[in-house]
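What Swiss-Prot says about this one:
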- SER74, PRO75, GLU76, TYR116, GLU249: substrate binding site (BINDING)
- ARG98, ASN99, GLU100, ASN107, GLU242, LEU243, GLY298: ATP binding site (BINDING)
Amino acid sequence: MSQPWQPTASIKQLKQRAAVLSSIRDFFAGKEVIEVDTPAMSQATVTDVHLHTFQTEFVGPGYAGGQTLYMMTSPEFHMKRLLSAGSGPIYQICKSFRNEESGRYHNPEFTMLEWYRPDFDHHDLMNEMDELLQLVLQCDKAERMSYQQAFIQELGVCPLEGTMEQLKGVARTLGLADIADPEQDRDTLLQLLFSMGVENKIGQQVPAFVYDFPASQAALAQINPTDNRVAERFEVYFKGIELANGFHELANGDEQLVRFEQDNMKRISMGLKPQPIDLHLIEALRAGFPDCAGVALGIDRLIMLALKLDHIDQVTAFPIDIA
């Protein structure tokens with residue numbers, strides 16, 4: 001029986017984890033993508049209503065009253081500042097922090113792989129990510145489907161044109177009436193249906209890329225110029241697990257600022273505290289952000305799947321409950 005001080009991952013599994021990380025670095029070195037290192041804390045943070053941050057106070061010289069700092073939920077904002085400064089293609093493997101659940105697929109502190117490719121759109125980046133997944137997971141080429149196709153295929157309703165009542169009707173067939181019937185926000189309802197009725201059905205044999213999410217869920221992605229109902233965003237699923245979230249990145253600083261402000265208005269309407277907007281990012285976008293695509297991938301989940309394990313604690317030395 002293991003003792004409380006011991007790692008939850010075996011030494012063998014930690015060595016296998018190290019080998020996967022080494023293969024990822026070799027993959028990017030072969031493509032001349034530069035590894036970078038950015039801060040784990042920032043004076044600003046994400047405004048996304050679905051993300052919850054850790055924060056602390058810096059009380060060093062000049063900050064007698066304390067400076068609030070936020071642990072980064074991803075390295076995205078700092079990496080985009082590097083891109084605007086002319087870095088070219090970059091990647092990072094780092095710790096990220098989200099003040100949310102812990103469990104089979106979640107730990108508040110986790111390892112993220114994030115990379116950006118100037119002159120790529122989201123389809124180009126899906127191609128490259130498919131290469132990486134085949135390397136690490138030893139799987140066949142991924143399948144691809146639009147968000148609309150996935151909804152119609154698995155739930156029989158169009159997420160872009162279906163009425164709220166039609167969406168709630170589908171939720172009732174899934175046994176989700178108690179949650180869905182009082183819901184007034186369309187995106188919340190769509191996310192509920194996707195998580196409960198689509199995610200666990202796609203990508204069972206090979207990874208599945210789902211692209212062109214509703215424009216209302218664009219976040220930091222561009223709107224599709226030929227169909228303004230959808231955003232140039234994708235997610236990746238395998239064995240019912242979300243692995244990654246990628247964008248054809250929004251380059252317009254003014255539009256990004258509006259989206260952040262809209263997020264904060266939504267946070268207030270939901271009884272959540274508005275978050276400080278990263279104005280350094282906004283100015284970096286305004287200064288000249290390259291046309292590019294970027295993606296964030298959960299390393300712990302990826303390695304768990306690569307090793308055919310069923311809990312991220314098996315590939316993490318010290319999860320939150322024994323950290």
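Each residue, glycine too, has its Cβ placed from N, Cα and C.
It should be emphasised that the depicted structure is a prediction, and the values quoted were computed from it without experimental measurement.
Separating the Cα atoms of ASN107 (ATP binding site) and TYR116 (substrate binding site) is a whole-number distance of 25 Å. Per Cα geometry, SER74 is the residue among the binding-site residues SER74, PRO75, GLU76, TYR116, GLU249 nearest to ARG98 (ATP binding site). Taking each Cβ in turn and tallying the other Cβ atoms within 10 Å, the top scorer among the binding-site residues GLU76, GLU100, GLU242, GLU249 is GLU249. Per Cα geometry, GLY298 is the residue among the binding-site residues ASN99, GLU100, GLY298 nearest to GLU76 (substrate binding site). Comparing Cβ neighbour counts within 10 Å across the binding-site residues PRO75, GLY298, the minimum falls on GLY298. Under DSSP, ASN107 (ATP binding site) is assigned to coil, being neither helix nor strand in the three-state scheme.
Cα distances from ASN99 (ATP binding site) to the binding-site residues PRO75, TYR116, GLU249 are smallest for PRO75. Annotated pair TYR116 (substrate binding site) and GLY298 (ATP binding site), C-alpha to C-alpha distance, rounded: 15 Å.
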